[in-house]
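Novice: Quick paste of what TrEMBL says about this protein:
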BINDING   Asn230, Ser249, Ile251, Thr254  K(+) binding site
BINDING   230-235, 249-255, 274-277  GTP binding site
BINDING   Ser234, Thr255  Mg(2+) binding site
Amino acid sequence: MTNIFSDTIVALSTPPGAGAIAVLRLSGPAAIELTDGIFFGRRLSEQPSNTLHYGTLRNGEAILDEVVVGLFRAPHSYTREDVVEISTHGSDYIIREVLALLVRRGARLAEPGEFTKRAFLHGAFDLAQAEAVADLIAADSALQHRVALNQMRGGFSRELKDLRQQLIDFAALLELELDFGEEDVEFADRSGLLRLLTHVQTVVQRLLRSFELGNVIKNGVTTVIAGRPNAGKSTLLNALLNEERAIVSAIPGTTRDFIEDEVSLEGIKFRFVDTAGLRDTTDEVEAIGVQRTRQRVEQAAVVLYLFDLVTATPAEVAADTAALPVPSGATLLLLGNKLDEAKPETVAAFQQQFPDLVLLAAAPRTGLEELRQHLLATVRREGLDASSATIVTNLRHARSLEVAGEALVAVQHGLTSGAGTELVAADLRAALRALGEITGDISSDDLLGSIFTRFCIGK
Ligand code: GDP
Ligand code: ZN
């Protein structure tokens with residue numbers, strides 16, 4: 001293949017700091033020759049692709065390290081260029097020396113994400129797949145991993161390319177009509193185009209809806225535990241986290257700082273925030289805590305309002321929950337705690353007024369499984385199945401889908417209102433451009449720059 005890049009880049013591809021092994025990676029036309037200049041074992045330029053070689057790295061006569069070198073010839077490599085991976089012992093000194101040697105001989109230190117950028121520009125994968133590499137590396141839950149892997153392997157891209165292709169076929173016919181100018185010819189079947197648009201819109205809207213879940217999978221669900229002092233908020237958080245992290249005390253008003261932690265339920269991350277108690281207070285420090293609690297509630301996706309079934313009254317619970325600044329779109333769950341000590345008739349009165357009430361006892365840890373199921377239900381939206389459908393996790397992709405969706409609405413509108421071919425074709429082109437930006441079929445230097453500089457060096 002022809003080389004797009006004439007220079008050869010090098011970087012440490014494993015995290016900095018002392019590990020057992022460090023991997024330095026070179027990519028570019030001189031990768032093999034440069035390594036041959038410092039590696040003594042076999043001449044790499046005479047070896048076949050996809051092979052490993054043991055030998056020593058030398059700076060002149062001085063041996064720097066015993067290493068294993070992996071050889072990948074273009075196009076059988078990550079970047080599709082000649083690539084050499086040198087596994088050294090993970091000493092900062094060795095890494096520095098080897099990098100300096102290679103740079104002195106003509107290699108250039110790679111910019112962030114440059115290996116992946118080269119792979120993209122050589123057509124190894126599209127933009128959405130390249131972005132999934134970063135997501136895969138960052139994945140720390142089973143679901144996040146599965147979604148990123150599917151995207152990296154091209155599942156999402158295939159779906160988009162399929163949609164685009166269908167639209168391109170129609171756009172071509174419209175452009176043809178335009179070429180004929182004044183004459184009143186119609187090559188494109190309008191009702192067929194409308195049917196196609198409805199189908200494409202359905203897919204675009206499903207993908208857009210999936211972003212809500214995708215965001216949850218990637219960033220977790222912010223779940224704020226609110227309630228009056230001593231309701232049992234810290235105890236509940238401990239029970240959920242299954243460890244003694246929050247400070248539990250019998251003195252009301254002691255949780256002044258927020259305690260946060262993540263719990264993964266069936267692959268979905270919930271980020272729990274324990275808050276200071278909600279109540280009118282004259283204590284200044286605590287007043288700030290109450291104020292901050294309200295701010296946290298405003299940012300929550302799920303708010304758990306917890307109350308003490310023994311001491312609270314239905315009127316108090318109704319007043320507190322009405323005053324909570326729960327954002328629209330967020331879910332408020334009412335939790336009655338200390339079921340173990342509550343009188344059955346009190347519980348019945350609460351249940352009558354609040355039919356959706358979840359009953360539990362945080363200290364002896366009963367009712368937690370039901371709570372977990374309620375939490376999971378808040379993220380399971382209609383029509384979305386986390387286990388099968390493509391899920392959009394990237395804000396950039398969601399934005400482009402939105403633009404595409406709006407342009408498609410304009411096309412639909414233009415067709416039904418009898419607008420000129422010129423207008424319809426322009427809107428269709430806008431939709432195609434937006435869809436093409438996701439996979440990078442249409443890209444600009446700015447876009448590529450903003451994507452790849454977010455990668456670390458060495459990727
Ligand atoms: P917070 O101020 O809302 O965070 O309340 P804490 O978690 O600090 O708990 C206040 C008190 O209630 C502690 O003494 C807990 O042991 C007690 N407590 C919490 N949950 C339960 C429960 O389910 N049953 C009973 N009997 N006591 C509980
Ligand atoms: Zn507390």
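In case you wondered, yes, glycine gets a Cβ from its N, Cα and C as well.
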Novice: Hey, what's the Cβ neighbour count for Ser234 (Mg(2+) binding site) at 10 Å?
Specialist: 22
Novice: Taking DSSP as the reference, which of helix, strand or coil describes Asn230 (K(+) binding site)?
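Specialist: Once the DSSP labels are grouped into three classes, Asn230 (K(+) binding site) ends up as coil.
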Novice: When you measure from the Cβ of Asn230 (K(+) binding site), how many other Cβ atoms are you left with inside 10 Å?
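Specialist: Step by step: centre on the Cβ of Asn230 (K(+) binding site), count other Cβ atoms within 10 Å, giving 20.
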Novice: Give the number of CB atoms, excluding that of Lys233 (GTP binding site) itself, located within 10 Å of its CB.
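Specialist: There are 32 of them.
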